[in-house]
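> Sharing a structure, written as structure tokens. Questions coming.
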Amino acid sequence: MTIAIGKSSEQPKGLFDSMDDWLRRDRFVFVGWSGLLLFPCAYFALGGWLTGTTFVTSWYTHGLASSYLEGCNFLTAAVSTPANSLSHSLLLLWGPEAQGDFTRWCQLGGLWTFVALHGAFGLIGFMLRQFELARSVQLRPYNALAFSGPIAVFVSVFLIYPLGQSGWFFAPSFGVAAIFRFILFFQGFHNWTLNPFHMMGVAGVLGAALLCAIHGATVENTLFEDGDGANTFRAFNPTQAEETYSMVTANRFWSQIFGVAFSNKRWLHFFMLFVPVTGLWMSAIGVVGLALNLRAYDFVSQEIRAAEDPEFETFYTKNILLNEGIRAWMAAQDQPHENLVFPEEVLPRGNAL
């Protein structure tokens, strides 16, 4: 027997290897390399939003109250976009607009760009986190692929759309009522609901909800257990040793209901992935089109005939008039920097006004 005495053959770890060991260590909350992007960005985005909705006014940018301090509640508080005059400035705290003055920076709308940019990179970090963990446990990266849908929508609505317009001012502010205002704006100024990309997005999201409900109900329906004591609530027993979900029974059921049914789990679950993600991506593509002021369907022949014949009206022509009403009422309120003044006689008035 030979005994070798000497130095270990292991090389001392470099900085990268040491960081890799620490970041990817198995712990209660995984950090990973993606965490270097995710955690700081998520912290700053959420912290900026909480700060803005609690303390910061939108008086200087929109002429509005937008914080709890001013009397707003959770539904009406918001971190609002910068003024239109600031165009696409990044509004850095140390930039020429705020010049390091935190109060002035908040008044100018600097928190909005802060939250939007950190939020976007935080979402990207979360997608990378799913990819990194999938690699670590040898899964395929479909979770990360699925999460690209919400990221595409966020980036298109909050970043690309205002970049195509005159400034960040026309992006949505971060708040519940503020998002509703933005939806009304999209309809009135872009006829968004008649846009085929919006239609595909609605089909994707509502179709995904339908698929999710059908799938959950079908799995619950086809859980079975051998023995005499089986009942509905035994299906929730976590101590059952093995899977007792019957794909064959589910296939027979839906074949009788619809005449067609998924024949294997892979195709079924891929379809459940494909429908919502494709819908979200189509919506994002549509918003990029709106950033460039591309129009939705225009049925000009109906508009001309409606203008010539007072008795001719379609749901399309009614919607066009409603959009004109949204624009007339909204523009003066929504864009105070334009100093728009419309005579009373041109404003549409309903019976309740």
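Sequential numbering from 1, following the chain as shown.
In case you wondered, yes, glycine gets a Cβ from its N, Cα and C as well.
Look at Swiss-Prot and you will find T2 tagged as N-acetylthreonine. The transmembrane segment annotation in Swiss-Prot covers 41-61, 125-141, 153-166, 208-228, 279-295, and the record cites sequence analysis as its basis. Marked as chlorophyll a ChlzD2 binding site by Swiss-Prot: H118. Here Swiss-Prot flags H198 as chlorophyll a PD2 binding site, drawing on sequence analysis. According to Swiss-Prot, the plastoquinone binding site annotation covers H215, F262. If you look up Swiss-Prot, you'll see H215, H269 marked as Fe cation binding site.
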> Using CB atoms and a 10 A radius, I'd like the single residue among the binding-site residues H118, H269 with the highest neighbour count.
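Top count of Cβ atoms within 10 Å goes to H118.
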> Taking only C-alpha atoms and a 10 A limit, tell me which of H198, H215, F262, H269 are near H118 (chlorophyll a ChlzD2 binding site). These are the binding-site residues.
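Within 10 Å Cα-Cα: none.
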> Under an 8 Å Cβ to Cβ limit, what residues of the same chain, 6 or more beyond the ends of the transmembrane segment (153-166), are close to it?
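Those are 81, 84, 87-88, 116, 119-120, 123, 172, 280, 283-285, 287-288, 290-293, in sequence order.
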> Among H198, H215, all listed as binding-site residues, which has the most CB atoms within 10 Å of its CB?
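Counting Cβ neighbours within 10 Å, the top one is H198.
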> Are there residues at least 6 beyond the ends of the transmembrane segment (279-295) whose Cβ is under 8 Å from a Cβ of it, and what are they?
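Distant Cβ neighbours of the transmembrane segment (279-295) are 148-150, 152-153, 155-157, 160-165, 186, 190-192, 195-198, 200-205, 207-208.
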> Validating a neighbour-count step here. Other CB atoms within 10 A of the CB of F262 (plastoquinone binding site): how many?
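F262 (plastoquinone binding site): 19 neighbouring Cβ atoms within 10 Å.
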> Distance check, please: Cα of F262 (plastoquinone binding site) against Cα of H269 (Fe cation binding site), rounded to an integer number of angstrom.
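With the alpha carbons as reference points, the distance is 10 Å.
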> For H215 (plastoquinone binding site) and H269 (Fe cation binding site), what Cα-Cα distance in Å is obtained after rounding to a whole number?
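With distance taken Cα to Cα, H269 (Fe cation binding site) is 9 Å from H215 (plastoquinone binding site).
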> Whole-number Å distance between the CA of H269 (Fe cation binding site) and the CA of the residue listed as 'chlorophyll a PD2 binding site'?
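A Cα-Cα distance of 24 Å.
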